[in-house]
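Have a look at the structure below before the remarks.
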């Protein structure tokens, strides 16, 4: 009886579910049924490319792009063998051989890796989808590329506009592809061209890409060694005889495609550079290949970060507000700090203001996406730590705020016409005949603002934030332990107090008889660079005006002294039950320096509990001597906040002989550490940074500066009066001698 009614009930439920799904798809037409695209971003094995790859992979995940993604990476055998396993498994990856050195021409050129990567990938694999979107690793994908809207097909690809490729329509094209007839359209360049002026990204059918990939490499090599290319290519880096164009690879692609009858149509708005005004539409792709600024106090250039290592786990040194080598990039301004502006109908001034506001939001979103990508990687590959939790919470907060402001701005910007012929096309019925294109470019004229979805990707960092919350709970029991209260690593009151390492003790430098106001020493912003055309930069990074590195901590006591005693902290738990993970977490909770944390982690991996060294009395007395001498330095702050030392401080700092010292016969030279005067605290420096100069000061008695400092106001006034009177008494004699010299008299 039950079975009789069970079948119809299930069938009815299924029909109801299908009806609901059909209704949902009617409200959001075709989003789930879009054609999949295989996104391939091309890169190499350098550390400089690793952080870009992390950003590219994360941006694909957050863009809502239908399809799949692959990283095609060119590496030498040695590089591939030693490549970081965490980075290798981060995203689907194909490793191709390194091709920077051409076997055919003998030329060395890093961009040969782009065609070689595609050749090797397609020679051994078949893309999962019919259409491939080829990107560089220094791009952030922010909106999906839809085949139905952009219209690529076999024989016709889509690419960004690069009009400085003048060689497609001059003698350069004739020298390399004379058999290709001139074109009589302007879809991707001027009339009479023999190839298309495209670059940046390529939205192309997989069969076309495979067919022309070998010629992509061949023509890149040919243009590179063409002795006339310097005057025909339009490359601003190649203007003298013998110069080899940096954009040879772009010509290789254009000539290779034309040689296989693959042509393009321009897409003028899908890809822009941060800092450029998005006047032709809503960009889908941000290419951060050039220097850009946000407001007046923030700037970013990827070339400043050749040494950024995305694989380094906390602890991170994030003090430098301009340049960092690990962790996250300096945080951009928050969108809430900008003045909101929205366009008004018929008001061009308000539209200009809105474009400026939207431009700033896009730049902020680009940096926020990169930092969110780094946190995504660290959460999956680093042990729990309070710094990781606190830093990444702030990163995700900024990322979500940027997307919220972007979505609000683009809701207004979406209901616009981005082509001057929209009205004309509407009259000819194109709003119905060519609905996808008109929805993309003539939304307002065709009355599509509220009827067609705007394709803003509804992706969030909720899952990552949940992982952070779980990580924070794992750290909570440690923070409640009396030995590790709030993660500060403070010792229990019943035991001897923890000795704070010398390099972590702040030193306040106060001028005599004066309490200085609290001032912040900030690094200046990077120098503004002129923006070259959107072509790859030279291999070596440009100079960066970053602040000098902080000095290392004072040197350890000499070997002839007895080793310092150590104090062992109270065990967190039964030693037999302490796991390796708990030991590693303990390292990040203790109040240790960076080097000590590294030693602690190393000991934890071996299953040992790290012991914090305790300073002996003799060691503390010896370290107090250079500190006392350093406190006598007379520091001044100039108008820009930089600290300088007065001329009197050039006199060597000395210390009276210590007759009680053993083994030095009553004499002992104290090694005085001169610290970077821009650093007003004795903080621990990075081990990779340069050492501070050390001077052995001889024993010569009290310094002139210390003697003058003991005078009161009246004594100082009398001293200066004596100096002035003496100087005035010498003036007539000096004048008399000068008169004798001019009159030819002999002077002794």
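Cβ atoms here come from the backbone N, Cα and C positions, even for glycine.
Checking the ranges 611-670, 671-730 against Swiss-Prot, the region 'Disordered' annotation falls on 611-670.
Within its own chain, the domain 'ShKT' (415-449) is flanked in space by residues 146, 148-151, 269, 280-281, 343, which lie at least six positions past its ends and keep a Cβ under 8 Å from the stretch. Between the C-alpha atoms of residue 297 (N-linked glycosylation site) and residue 184 (N-linked glycosylation site), the distance comes to 48 Å.
It is 13 Å from the Cα atom of residue 449 (disulfide bond) to that of residue 431 (disulfide bond). Per DSSP, the secondary structure of the domain 'ShKT' (415-449) breaks down as 17 helix, 2 strand, 16 coil. In the three-state DSSP scheme, residue 297 (N-linked glycosylation site) is classed as coil. Rounded to a whole number, the distance between the Cα atoms of residue 422 (disulfide bond) and residue 446 (disulfide bond) is 8 Å. By the criterion of other Cβ atoms within 10 Å of the residue's own Cβ, the least surrounded of the disulfide-bonded residues 422, 431, 442, 449 is 449.
Calculated from their C-alpha atoms, the gap between residue 422 (disulfide bond) and residue 184 (N-linked glycosylation site) amounts to 24 Å. Residue 184 (N-linked glycosylation site) sits 27 Å from residue 442 (disulfide bond), taking the C-alpha atoms as the reference points.
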